[in-house]
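Inspection log for the structure reproduced underneath, given as structure tokens.
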């Protein structure tokens, strides 16, 4: 009898926990994805803050030349970063228990792996949680689809690119200057500016900004007047009101005359789908581009494409970019290479004595 009561009580505790996790009445929805999201994002955040403030220098290139990234070792907010794990570790999984000591783990950049793996699991589960809450509320599932764009971009630079290059030391550093260094080296080694998928991403981000500004300014300029001149326009809207707060016909008429009729949406639903889809598709393409360049399928190379009748090269902007790329390449990891990879890959000339 006692066992039966105990089992029933345990079942009730589990049922209460399940109903709490999946309840949409909570101030912040938890969800089953949230059960994994909360501890992983907390772990990533706490480790990142500690490492950014106090981590000792990391031997990122695997050549016994540690690079300092934390505030306590001479950096500021701009130059500071969590430095990627050592090239000596490569793609090996490097948790704390794989190191001989905590000092060794820190020296080889263990915190970087801890942060990015927990962060990636955290953002994957955040995306799942968006779907889960939409499902519970009977909404359509496109919020998590839109969020998949930045998730794909983060996965590309923190996971796919290091896998393709053979080492987590090639992942993006977790800091401001480190991010710019990553971008410059990426251009030097992969010519990303000449990759069509990056171009589509630029069109997505800049176009999305343009369309967002256009939409916001058009709506704000065609609000239905509900207030006096001395009151804020914002008081003219009551949360949950049934009436439209702006005149879409006026906005359509204005923009249709400013450009031409068919450049202006006359359907609010298709308009907002377009506003969501444009930047998302662009960022998808950029993430796909980075993921292919990870395996050295690089941007277009038009170096020395134009030659005169005598066979002399007529330099174009492509050759200027190539010179810049070589300059950036010889400057990065200065003590790890004697030559940029492009020059080192050329077969040495034979020497006849």
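All residue numbers here begin at 1 and follow the chain in the order shown.
Each residue, glycine too, has its Cβ placed from N, Cα and C.
Record features (Swiss-Prot):
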type     : residues      : note
BINDING  : 198           : chlorophyll a PD1 binding site
BINDING  : 215, 264, 265 : quinone binding site
BINDING  : 215, 272      : Fe cation binding site
SITE     : 161           : site 'Tyrosine radical intermediate'
SITE     : 190           : site 'Stabilizes free radical intermediate'
TRANSMEM : 29-46         : transmembrane segment
TRANSMEM : 118-133       : transmembrane segment
TRANSMEM : 142-156       : transmembrane segment
TRANSMEM : 197-218       : transmembrane segment
TRANSMEM : 274-288       : transmembrane segment
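Overlay of Swiss-Prot feature records on the structure.
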residue	record	Cβ contacts under 8 Å, 6 or more apart
161	site 'Tyrosine radical intermediate'	170, 171, 172, 290, 291, 293, 294
190	site 'Stabilizes free radical intermediate'	293, 296, 298, 299
198	chlorophyll a PD1 binding site	192, 285, 286, 289, 299
215	quinone binding site	271, 275
264	quinone binding site	251, 252, 255, 256
265	quinone binding site	252, 271, 274
272	Fe cation binding site	none
| field | Close approaches to the transmembrane segment (118-133) from elsewhere in its chain (Cβ under 8 angstroms; 6 or more beyond its ends) | value | 24, 29, 31-34, 36-37, 40-41, 43-44, 47-48, 141, 143-144, 147-148, 150-151, 154-155, 158-159
| With the transmembrane segment (142-156) as the reference, which stretch in 29-46, 197-218, 274-288 has the largest tally of C-beta pairs below 8 Å? | 274-288
| In the same chain, who gets a Cβ under 8 Å from the transmembrane segment (197-218) while lying at least 6 residues past its ends? | 251, 254-255, 271, 274-275, 278-283, 285-286, 288-289, 292, 299
| message | Name them in sequence order: residues not among 215, 264, 265 whose Cβ is within 8 Å of the mean position of the Cβ atoms defining the quinone site. | response | 214, 218, 251, 252, 255, 271
| Greatest inter-residue Cα distance in Å for the quinone-binding set 215, 264, 265 | 11
